[in-house]
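According to Swiss-Prot, the protein has these features:
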- Gly86, Pro87, Ser88, Gly89, Cys90, Gly91, Lys92, Ser93: ATP binding site (BINDING)
- 10-27: compositional bias 'Low complexity' (COMPBIAS)
- 54-294: domain 'ABC transporter' (DOMAIN)
- 1-51: region 'Disordered' (REGION)
Amino acid sequence: MTENEMTSNDSTEPTPTTETAASSPDPSGDPLIEQSIDVEGTDSTAAETGKPVIESSDLNVFYGETQALQSIDLAIPEKQVTAMIGPSGCGKSTFLRCINRMNDLIDAARVEGDLHFEGKNVYDADVDPVALRRRIGMVFQHPNPFPKSIYDNVAYGLRIQDQTENIDEKVETALKRAALWDEVKDQLDKSALDLSGGQQQRLCIARAIAVDPDVILMDEPASALDPIATSKIEDLIEELAEEFTVVIVTHNMQQAARISDKTAVFLTGGELVEFDDTDKIFENPESQRVEDYITGKFG
């Protein structure tokens with residue numbers, strides 16, 4: 001859960017300047033949680049039946065008079081990595097930001113259609129976006145650690161949500177999950193700004209997972225990193241999918257092929273052209289347009 005600047009490579013898509021994911025101390029009062037969504041029960045059912053955890057139906061998004069997404073029908077499975085690829089301005093980051101309602105921060109944005117998380121339409125009037133963002137964390141393109149210590153960065157969301165019992169253990173667990181603990185365990189009081197870019201991004205991932213969300217959204221999480229740091233992030237994403245549903249936007253098709261289970265291909269005009277198992281998308285796509293894009297004939 002972050003509150004810093006959000007950026008995107010999709011130059012035609014407006015981006016919110018801040019994430020207002022502040023939390024109330026008592027999550028029991030949040031409308032989303034009051035919908036009686038049983039996380040454990042839902043997870044079990046989804047795992048047994050393959051029911052999607054996120055599902056859009058005829059989803060359309062506009063920025064003023066410009067349509068960014070056109071009638072998107074997409075079902076994202078639980079505890080897998082789903083990649084979204086496509087040329088700049090195709091709407092993939094717009095879709096990502098719809099999932100936890102980050103587009104609410106753009107005045108000109110308008111959303112039509114349905115987008116369900118665990119069976120509940122996230123755009124229903126009784127859904128609190130702040131409560132939604134507690135369960136759907138986000139990691140941005142550029143690392144954005146707070147100007148605080150490494151420890152305080154990870155503890156930030158826990159303190160806001162009044163989850164301070166055993167906080168040291170929770171911070172350690174999050175850092176271990178993010179494959180950062182061994183590198184920072186003896187310098188938790190060090191400023192997060194002194195970390196390398198790759199370490200900062202893993203710290204942001206630790207901060208996001210510390211509050212134990214159900215879904216992690218990632219918008220180009222490795223685009224600003226060197227190849228070694230990128231490899232660590234990719235390995236981490238595959239590990240995170242054992243516990244979380246991961247949705248990643250990437251311009252790097254090789255990255256999508258390496259780490260994702262499912263791939264959605266968006267093309268110019270905000271159209272979802274194909275969604276399937278990643279191997280099938282890259283080896284035998286149904287759409288000629290998708291094949292042309294993947295082979296570099298356009299886009």
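Glycine is no exception: its Cβ is also placed from the backbone N, Cα and C atoms.
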Going by a 10 angstroms cut-off between Cβ atoms, which of the binding-site residues Gly86, Pro87 has the sparsest surroundings?
Pro87
Need the DSSP three-state call for Lys92 (ATP binding site) to compare against my parser.
helix
Between Ser88, Ser93, which of the binding-site residues has the fewest other CB atoms within 10 angstroms in the structure shown?
Ser88
Taking the Cβ of Lys92 (ATP binding site) as centre, how many other Cβ atoms lie within 10 Å?
31
Tell me, if you would, which residue among Gly89, Gly91 (binding-site residues) has the fewest other CB atoms within 10 Å in the structure shown?
Gly89
Is it possible to get the count of other C-beta atoms within 10 angstroms of the C-beta of Cys90 (ATP binding site)?
27
